[in-house]
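**Student:** Quick one: structure below, then a few questions.
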Amino acid sequence: MLAVHFGAGNIGRGFIGSLLSQSGYDVVFVDVNDKVVQALQQRGQYEVIIAGETTETQVVRHVSALHSQHQRNEIIDQIARADLVTTAVGPNVLPLISQTIAEGLQKRITVCSQPVHVIACENMIGGSEYLKKYVWEHLSEQEQASLKDKCAFLNCAVDRIVPNQSHDDPLTVVVEPFFEWVIETKEVIGDIPHMIGAHFVDDLQPYIERKLFTVNTGHAIVAYLGYRKKYETIHQAMADGDILSDVTNALRESGRVLVHQYGWNEAEHQAYIEKIVQRFVNPSMTDEVTRVARSPIRKLGPNDRLIRPAMKYYECFGEVPTSLAKGIAALLLFDYEGDEEAVQLQQTIKESGVEGALETYAKLPSDHPLAVEIKKQMLYM
Ligand SMILES: NC(=O)c1ccc[n+]([C@@H]2O[C@H](COP(=O)([O-])OP(=O)(O)OC[C@H]3O[C@@H](n4cnc5c(N)ncnc54)[C@H](O)[C@@H]3O)[C@@H](O)[C@H]2O)c1
Ligand SMILES: O=P(O)(O)OC[C@@H](O)[C@@H](O)[C@H](O)[C@H](O)CO
């Protein structure tokens, strides 16, 4: 079995590549990082260090790599005969890899009759559908029709905290023990792909929202509040009692929406929250506040981890969620110069005010009670 995986970064090597290799796939990573691509090509294996109460090292074998820009023909050939195409490149990069994927699928029409499943493993709702939209733009109507029974895009939710890495070996990756990969089966063609450790469901919506609006909502709030207080790591920020209490309150708010909307059992959801809070304080890993806070414009999107649960809360219960609003206020104050989106966000705020930024990026009108509360929270910071 062959899997082509775009993005040999933290989650690509630390989770997706590792699980696919364990499931019996030969994994061809595609990346733009020369050092990582060369090391994978030379060694064909790497180490994943699972850092929990004890430490375990796994060797991931049967891997190779291609350069995303310099080896396009080889990538297209691999996609033409792959069983699986996966991505973990970040939502903003999906449009950039869509043409290569489209050309691989074009070639596949003539060289392979087996179905291929494409799975975007990004922190977003409908990630694979989003990728499909861009891939389809590069294909004619006839090609799209030929691929109808040969290619399916499966949405998924992927959960494992993998921090930025700083080892002498560019391939070694430290990960937390916990992982969850939930994949929607609605669009599957033929047999469900063989993947050890993945959980297949008919309807992904409750799972992706539970993950995004608990793990990522909480994580983002710790990071933005932590940045305000000059903490460098998530671990340090979580040791601050005020931040811990703000995060817990925000997760109570997003949890209220999730229980109301999807009927998750309240006690089980509370246990889920507690487990996630424990994952944030894992002392065996160093996760930087600036990694978790990265791309604040994406994170301020109307369907992302802060605005969507906050808006749903307001719609469902007619009240403004003050702790989520506080998290959004902290995001708006994230002025880290090492992050392009943070710089752009601060520039927008300078030119159009907080109201302008909320309208532009969150699609939130300035007179909406949530916008009013966010501005109020900013005054206290
Ligand atoms: N790290 C985590 O804890 C985690 C967990 C779950 C989901 N995710 C999601 O996974 C995705 C990747 O996150 P990450 O933390 O691994 O980031 P990362 O920056 O470590 O990895 C992204 C990789 O994509 C590569 N890339 C960039 N442009 C490319 C291109 N044109 N072609 C091929 N590769 C390209 C980069 O070189 C990098 O190696 C994001 O959507 C993130 O939200 C991350
Ligand atoms: O990857 P982002 O930028 O969407 O979010 C940052 C972190 O919250 C995220 O990477 C988590 O570590 C991950 O989603 C855990 O499963």
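Even glycines carry a Cβ here, placed using N, Cα and C.
From TrEMBL, here are the annotated features:
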DOMAIN    2-191  domain 'Mannitol dehydrogenase N-terminal'
BINDING   A3, V4, H5, F6, G7, A8, G9, N10, I11, G12, R13, G14  NAD(+) binding site
DOMAIN    203-346  domain 'Mannitol dehydrogenase C-terminal'
**Student:** Taking the Cβ of I11 (NAD(+) binding site) as the centre, how many other Cβ atoms fall within a 10 Å radius?
**Tutor:** 25
**Student:** Among the binding-site residues listed here (G7, G9), identify the one with the smallest other-Cβ count within 10 Å.
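**Tutor:** Checked G7, G9; of these binding-site residues, fewest Cβ neighbours within 10 Å: G9.
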**Student:** According to DSSP, which kind of secondary structure is R13 (NAD(+) binding site) found in, if we only use helix, strand and coil?
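**Tutor:** Where R13 (NAD(+) binding site) sits, the three-state DSSP reduction gives helix.
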**Student:** Please list residues from the chain of H5 (NAD(+) binding site) whose Cβ is under 8 angstroms from its Cβ, counting only those at least six apart in sequence.
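**Tutor:** H5 (NAD(+) binding site) has long-range Cβ partners G12, I16, G17, L20, V27, V28, F29, V30, V85, T86, T87, A88.
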**Student:** Tell me, by DSSP, whether A3 (NAD(+) binding site) is helix, strand or coil?
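**Tutor:** Note: A3 (NAD(+) binding site) is in a strand by DSSP.
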**Student:** Which residues of the same chain, at least 6 positions away in sequence, have a Cβ lying under 8 Å from the Cβ of A3 (NAD(+) binding site)?
**Tutor:** L20, Y25, D26, V27, V28, A82, D83, L84, V85, T86
**Student:** Around R13 (NAD(+) binding site), how many other C-beta atoms are within 10 angstroms of its C-beta?
**Tutor:** 30
**Student:** Of A3, H5, G9, R13, which binding-site residues come close to ligand 1, meaning Cβ under 6 Å from one of its atoms?
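**Tutor:** With ligand 1 as the reference and 6 Å as the Cβ limit, the list reads G9.
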